[in-house]
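Database features, via TrEMBL:
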| type | residues | note |
| --- | --- | --- |
| ACT_SITE | LYS158 | active site, proton acceptor |
| BINDING | GLY57, TRP59, ASP77, ASP93, ASP118 | S-adenosyl-L-methionine binding site |
| COILED | 335-373 | coiled coil |
| COMPBIAS | 421-449 | compositional bias 'Acidic residues' |
| COMPBIAS | 477-494 | compositional bias 'Basic and acidic residues' |
| COMPBIAS | 504-516 | compositional bias 'Acidic residues' |
| COMPBIAS | 527-543 | compositional bias 'Acidic residues' |
| COMPBIAS | 569-582 | compositional bias 'Low complexity' |
| COMPBIAS | 622-658 | compositional bias 'Acidic residues' |
| COMPBIAS | 816-829 | compositional bias 'Basic residues' |
| COMPBIAS | 843-856 | compositional bias 'Basic residues' |
| DOMAIN | 25-201 | domain 'Ribosomal RNA methyltransferase FtsJ' |
| DOMAIN | 244-277 | domain 'DUF3381' |
| DOMAIN | 278-377 | domain 'DUF3381' |
| DOMAIN | 632-851 | domain 'Ribosomal RNA methyltransferase SPB1-like C-terminal' |
| REGION | 415-460 | region 'Disordered' |
| REGION | 477-582 | region 'Disordered' |
| REGION | 597-658 | region 'Disordered' |
| REGION | 816-856 | region 'Disordered' |
Amino acid sequence: MGKAQKKTGKGRLDKYYKLAKEQGYRARSAFKLIQLNKKYSFLESAKCTIDLCAAPGGWLQVASKYMPANSIIVGVDLVPIRPIPRVVTFAADITTPQCRNLIRGELKDWKADVVLHDGAPNVGTAWVQDAYSQSELVLMSLKLAVEFLAKGGTFVTKVFRSVDYNNLIWVFNQLFSKVEATKPPSSRNVSAEIFVVCREFLAPKQIDPKFLDPKHVFKDLSSTIAATEKGISVGDAQSNVFHPEKKRRHRDGYADGDYTLFVSITASSFIHGKDPVWLALDITTDDVKANCDDLKVLGKGDFKTLIKWRLALREELGIDVKSKEIEDSTEHTEIVEIIDEEQQISEELERLNAEAVARAKRERRRANEIKSRTIQRMQLQMTAPLDIGLEQSDAALGISQDDVFDLGETLHKKRRGGFTMDDDGDDIVESSEEEEGEDRDQEPLDSEEEKEKKLVGLEAELDGLYDAYQGRLRERDAKFKVKESRRRNAEREAWNGIKCSGSGEEDSDEEEEEGGWDNMQKARLDDSEDSSTDLSNDSDAEEQSSKAKKRVRSTKDLGPKKSKRRRQQSSSEPVDAVPASSAAATVWFSQDVFGGINGLDQLSDAEDSDVGMDAKSKQLSESDEDVEVDKSEESDDFEIVPQEQDDDGDLWDGGDENQDAKVQAKIKELGLTTAEAVTIAQQLVNREKTKTQLMNEGFNRYSLNSKEGLPSWFLDEEAKHYKPNIPITKDAMAALRAKQRALDARPIKKVAEAKARKKFKAAQRIEKAMKKAEGVNATTDLTEREKAQQIDKLLRKGLSSGKKVKKDIKVVVAKGAHKGIKGRPKGVKGRYTMVDARMRKEVRAKKRKEKAAHKR
Ligand SMILES: C[S@@+](CC[C@H](N)C(=O)[O-])C[C@H]1O[C@@H](n2cnc3c(N)ncnc32)[C@H](O)[C@@H]1O
């Protein structure tokens, strides 16, 4: 069953649309004229053509293409037409005398050989009226054609198959010898348009104006419209103005006097009328629906099916009653009951199914909500990530969710200052929590210590889980370790501006993060100490900072360095390790601003006592020489406050001297490798920033964060994302790029070495040749000429590389003309070798055999 042509959307973009696009026609309608002209050949001989209703100009393009050169083509339309070569166009209404005058002005007393009309009025009102205005337009175009056509000329017009179609044809027949209606293949089937080609214009001297007056030509139609408006059936109304044809039987499927393709009718009158109906009943099967869709292309059999369906439908609706057997009423009732029962069961089933589906959906949604809420709470640090996707009681963890709730409750109370936060009341988890909380309110509360223990236990579990996760990652991803170390390097680089690969510590957990710009600054300090070109007010600060650094270093020496994680893990242990003072704090308080504050020492003392530095550490700190020196030097400044070792020290401490020296050596060797470092260096050189400023900038929210008590997974995340964003300049980037380009331009080591080797060997050869030449020169038994000859030979030998130049051997394939020949092939000069596929195969086979024998 074929599909009806689509009326809308891409269905309109058929092959003619594509062809028109390809061939540059402005409208697909161009093909209609091409096909009409192919059939009647009126354009080739025409010297003057008028196209009425010509926009956008498809027909004009065709006319211009098919008509002889130097012919006149005039196009008129309501809307302006974009210029076309050899074509004159106007914007005018063809029903007005102004349009006639314009054409007359253009043609002077010329007559047209062809008048074309493809007009279509603005449709959209009732079909009957649309069709009528189209017919009127046709008659108007005929009027112009009659005026401008030469005798024997051709008039081509588009008409719609409507009630006035016959009247029009009759009129055409009065004025032309040959009138033919045709529908070119490019005209869509769904369109009611048809083209009438009127040839051999009779050019009567006088034409009765009634022929061209719509009122007379379509008199019948006017009465039809009036009758329709009054609601009177007009099926049999006949044109009687010109009595063009006798009443004929309609074999084309149209109702009498109605030639339209589309009829609007209400659904109810359609069902109750004589025509087949559409209704969504059981008997309306898919086949029936498909048939109704494809009415235009149905075969006899399909129509029979439709008629049967219609009869059944009418019976169902009680319009027709089966005259055959009238069944027993009791039996009928029983059937109805059974059907009812079945229906009830199926309805019940459907309802139950729908309920089950809805319930499952609800549960899924609730689970998702719970999950997302928990994640949210975790992000807000309101809960530990234990309850995501875990069962109520997880054996692997050895904790039940009750514990979590218990802890959660404590935490909540702590965080919210005893108040319970009111979440959206609709969450089931929340309500159950609350309930449990209420229950627990009545239970005796755990002691603080127990809760603290639980908390520590949980955190340890969490750390354990995180470590296990890292382990799994490491197992799964062989590159994990490399990535990790690269990441760490990148982090360090971001600060240092150099790679410390030489230190050999980068992969160890014990590694220290150097204050990169600190080192740089130190290097610069060393350099600039002599020049002392810095501003005088900076010098104090520098002095202070260097002192502070010394102090930092000395305090750093107090205790062993520990990795972040180790520090984190040991944070809960009692402070029996050797304490170290916060270097960052030391440097901070070494600034001018704090210089005159008297209470600082006391404060330090107080802090000292707060921190609870034990006797051992005191002893240690006192026994340290450096500290002693510093203390004696800076006793009026402030006292060093030993503190718990934390990361601040890492930020500011330049590490030991060796490390500093290494870093500086690296900087000297490789230069600065990050844009940040270069930017800072440039700023320093250009005096955009002073060292003091840079130092002060170093104290930012990233530098003084205590990492104490934070879980390792959090610290790892922080290390990834919580970094200072040091601004970089274009100049710095350009400098780095230039450096990289220079590096790229250098030959690789191997190549350079090979070149050097070559050079060295050549020098050696020449030296050798010179020595020999001297020997030859010294001999007395040779004439001067012979000596010169030998020396020349020796030197030439010395200059050559000593390698034999391989002579070119031409390879000739033994195929085509060269197949099976003996001796030198034609056209081949010099050394040659003949090769053929057979030979190659045999050589390979031989090698294979030799190899196999060797293995055995
Ligand atoms: C189907 S298009 C013609 C397409 C044209 N044959 C082509 O190939 O490009 C119909 C045209 O008739 C024009 N038209 C309708 N009523 C008109 C009138 N009274 N006077 C002039 N043009 C009219 C419309 O503006 C429209 O551009």
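Note that Cβ sites are derived from N, Cα and C of the backbone, with glycine treated the same way.
Predicted automatically and left uncurated, TrEMBL annotations should be read as such.
Shown on the structure are the features that TrEMBL records.
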| residue | record | CB count, 10 Å |
| --- | --- | --- |
| GLY57 | S-adenosyl-L-methionine binding site | 23 |
| TRP59 | S-adenosyl-L-methionine binding site | 29 |
| ASP77 | S-adenosyl-L-methionine binding site | 23 |
| ASP93 | S-adenosyl-L-methionine binding site | 13 |
| ASP118 | S-adenosyl-L-methionine binding site | 22 |
| LYS158 | active site, proton acceptor | 22 |
DSSP on the compositional bias 'Basic residues' (816-829): how many residues come out helix, how many strand, how many coil? 3 helix, 0 strand, 11 coil
With DSSP, how much of the compositional bias 'Basic residues' (843-856) is helix, how much strand and how much coil, in residues? 13 helix, 0 strand, 1 coil
Cβ-Cβ under 8 Å with the region 'Disordered' (816-856): same-chain residues at least 6 beyond its ends: 807-810
The residue listed as 'active site, proton acceptor' versus ASP118 (S-adenosyl-L-methionine binding site) - Cα distance in angstrom: 5
Between ASP93 (S-adenosyl-L-methionine binding site) and LYS158 (active site, proton acceptor), how many Å separate their Cα atoms? 17
According to DSSP, which kind of secondary structure is ASP77 (S-adenosyl-L-methionine binding site) found in, if we only use helix, strand and coil? strand
Largest CA-to-CA spread of S-adenosyl-L-methionine binders GLY57, TRP59, ASP77, ASP93, ASP118, angstrom: 18
Check: min Cα-Cα distance from the residue listed as 'active site, proton acceptor' over binding-site residues GLY57, TRP59, ASP77 goes to TRP59
